[in-house]
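As recorded in Swiss-Prot, the features of this protein are as follows:
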| type | residues | note |
| --- | --- | --- |
| BINDING | 125-186 | ATP binding site |
| BINDING | 273, 275 | Mg(2+) binding site |
| DOMAIN | 99-303 | domain 'ATP-grasp' |
């Protein structure tokens with residue numbers, strides 16, 4: 001085992017994938033709280049906030065998987081956390097802060113207004129034409145964006161969002177964004193200060209059903225690497241550079257992962273949103289493409305060393321198996337049977353009486369790899385078909 005231990009905060013497929021990559025390179029891995037699958041690659045522990053962080057040795061590295069930990073301030077509690085401090089995590093934690101940050105530092109984003117009351121919303125919506133885009137200020141677990149054609153419906157739902165009657169636990173100001181047509185793209189990087197290395201580009205599928213139909217989800221699958229023209233990559237690098245320059249001007253140094261949610265509009269990438277952590281299910285594909293390269297990039301980013309590009313080896317496809325009722329009311333407690341072979345990252349899985357059972361919306365990530373996208377896709381779907389639980393739901397068009 002390597003001298004440095006790795007402590008991963010979270011319980012989803014993304015966290016399992018990160019831990020798997022480190023375990024594969026010989027690191028001792030600990031998960032907080034983890035799930036029924038993560039303990040195959042490390043040790044699970046309860047997560048008790050600051051108390052948990054204080055007990056982790058200073059020489060070890062802590063990697064928060066999801067944004068809640070960073071917004072909570074885990075990087076403020078300890079210096080061995082690979083993630084930005086909570087003041088910088090506001091880039092994800094507050095859409096209003098993020099949009100004002102982009103405007104302040106001349107970073108390309110959609111034209112916007114902020115409305116703090118229903119009356120302001122009614123007045124400011126007049127500056128926009130349909131479709132109307134309304135975004136909740138705070139974290140809303142992927143449910144905080146409304147895209148509507150009717151001005152009256154936008155005012156009605158946007159007002160409910162402001163006063164806390166639309167989404168449970170979400171209230172406060174909203175961002176009105178100009179609608180941008182184009183192709184969405186995610187760009188993720190490992191960052192230390194002004195230095196960064198962009199990870200392989202991955203396409204994910206947000207809608208529940210084939211053909212991009214049905215409700216939005218956390219993501220039903222992904223594949224990579226996606227080929228991006230070099231001139232577009234150069235423009236994306238400029239967006240990362242300007243963002244990190246802005247963070248520095250605000251008096252902070254960025255260390256951790258940075259994710260740009262982009263829209264390619266008229267040949268230029270615009271930032272729709274920032275995330276201060278890796279995407280899920282994109283992470284599962286990135287680490288599978290080159291686990292060793294991913295681990296090295298993270299460790300060099302953590303230490304402030306020279307980060308090398310993570311070169312993809314072949315192709316990888318992730319097919320997500322979800323529970324019936326996802327995303328609104330996923331069924332839990334259904335027994336799972338798994339094949340003996342194949343790479344599967346666990347998400348909403350628990351152990352009950354020695355058996356694996358469903359315990360969340362997205363249950364498992366079935367991975368396929370190959371020299372071609374078609375080979376990787378075939379393997380991922382062959383694996384998905386060998387997994388059994390009542391109500392298994394998945395898309396058939398990932399990586400087509």
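Just so it is clear, glycine is given a Cβ too, placed from its N, Cα and C backbone atoms.
Model, not experiment: these values are computed from the prediction.
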Give me the non-local Cβ neighbours of residue 173 (ATP binding site): same chain, 6+ apart in sequence, Cβ-Cβ under 8 Å, ordered along the sequence.
96, 114, 115, 116, 137, 162
Tell me, by DSSP, whether residue 141 (ATP binding site) is helix, strand or coil?
coil
If you tally other C-beta atoms within 10 angstroms for each of the binding-site residues 149, 165, 273, the top scorer is 273
Of all the binding-site residues here, 133, 181, which one's CB has the most other CB atoms within 10 A?
133
Secondary structure at residue 125 (ATP binding site), reduced by DSSP to three states:
helix
Distant-in-sequence Cβ neighbours of residue 157 (ATP binding site), under 8 Å, six or more positions away:
134, 146, 148, 166
Return the average pLDDT for the domain 'ATP-grasp' (99-303) as a whole number.
95
Near residue 275 (Mg(2+) binding site), how many other Cβ atoms are within 10 Å of its Cβ?
19
Residue 133 (ATP binding site) and residue 275 (Mg(2+) binding site), compared by Cα position, are separated in whole Å by 19
Given a separation of at least six residues and a C-beta threshold under 8 Å, show me what packs close to residue 141 (ATP binding site) in the same chain.
none
DSSP, reduced to three states, assigns residue 273 (Mg(2+) binding site) to strand
